[in-house]
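Written out below as structure tokens is the structure these notes cover.
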Amino acid sequence: MTRHFLRDDDLTPEEQAEVLALAAALKKDPFSRRPLEGPRGVAVIFEKNSTRTRFSFEMGIAQLGGHAVVVDGRSTQLGREETLEDTGAVLSRYVDAIVWRTFAQERLTAMASGASVPIVNALSDEFHPCQVLADLQTLIERKGSLKGLRLAYFGDGANNMAHSLMLGGVTAGVDVTIAAPRGFEPHPMFIAAAETRAHQTGATVAVIDDPLRAADGADVLVTDTWTSMGQENDGLDRVRPFRPFQVNADLLGRADSEAVVLHCLPAHRGHEITDEVIDGPRSAVWDEAENRLHAQKALLVWLLERS
């Protein structure tokens, strides 16, 4: 049976732990696994602009012995002159996996229904699951264990990072609090999914509008841009509600004395996070960015071995 990774809860807690353990091993010995030797091909499709995702996937596929066939979604006929199901079926005859950065989650689901090779969500409007695998790998490196950690996210609770942190975090046994202004809460459907998974792992998930309370005693502070792709023209009216949710020295001072700060990047310095924090001793942002490479390699190896 072909396995896909379209959202964070596509992996069980045990499977997620396997991927993270493999990511750690591949970080120590980058060329120890070569499942794409040949080279075999992986389609890497970008309908949204990308820096970290493109570099990390292209290099990761090369280190696994494969060849990345990178295409701009605008130069293909994805979903225009044939169904996404048909495209998935056709691409499966050419490549061994498909990595896709797209818009609506439904597009991934549609292609996966026709594909016979693994599909990886490299970012959608609803989820950013590869990033959260890298976040979890970083926290294991910094904290040693994930279970029982208190993670607080500050900013737009309706964006893909908030959704993925909820689902991926509680899968790992992390207690997740989303601190967001009123009107910017996570989608109720994804809150419910996170609560279901949290019940299985013993973790907790909460959504509040008080950033100070969320920061109190937290082990991990996470933020993301206040303006996601496609919202750049919304102006000051969009930014204003988020200002109390900035991750700055005062907010960090309320967290645990050994708290770690994460940001998936790109960072809008002076908006969601200050220079003092992102460049400070408790920032793990650069390790987090590097771990995209290792976590995604581990994910591809894991999926290919099971499909």
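Including glycine, each Cβ sits where the backbone N, Cα and C put it.
What Swiss-Prot annotates here:
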{"type": "BINDING", "residues": "Ser50, Thr51, Arg52, Thr53, Gln77, Arg101, His128, Pro129, Cys130, Gln131, Cys264, Leu265, Arg292", "note": "carbamoyl phosphate binding site"}
{"type": "BINDING", "residues": "Asn160, Asp224, Ser228, Met229", "note": "L-ornithine binding site"}
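Sequence features annotated in Swiss-Prot and their locations in the structure.
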residue	record	Cβ contacts under 8 Å, 6 or more apart
Ser50	carbamoyl phosphate binding site	Arg101, Ala122, Leu123
Arg52	carbamoyl phosphate binding site	Leu265, Ala289, Arg292
Gln77	carbamoyl phosphate binding site	Thr87
His128	carbamoyl phosphate binding site	Asn121, Asn160, Met161, Ser164, Cys264
Cys130	carbamoyl phosphate binding site	Phe5, Thr53, Val120, Asn121, Ala122, Leu123, Arg292, Ala295, Gln296, Leu299
Asp224	L-ornithine binding site	Tyr153, Gly155, Asp156, Asn159, Met161, Ala162, His263, Cys264, Glu272
Inset, instruction - Specify the count of other C-beta atoms within 10 Å of the C-beta of Asn160 (L-ornithine binding site). - result: 25
Inset, instruction - With carbamoyl phosphate as the bound species and Ser50, Thr51, Arg52, Thr53, Gln77, Arg101, His128, Pro129, Cys130, Gln131, Cys264, Leu265, Arg292 as its recorded binding residues, calculate the greatest Cα-Cα distance and give it in Å as a whole number. - result: 30
Inset, instruction - State the three-class DSSP label for Asp224 (L-ornithine binding site), counting H, G and I as helix, E and B as strand, and everything else as coil. - result: coil
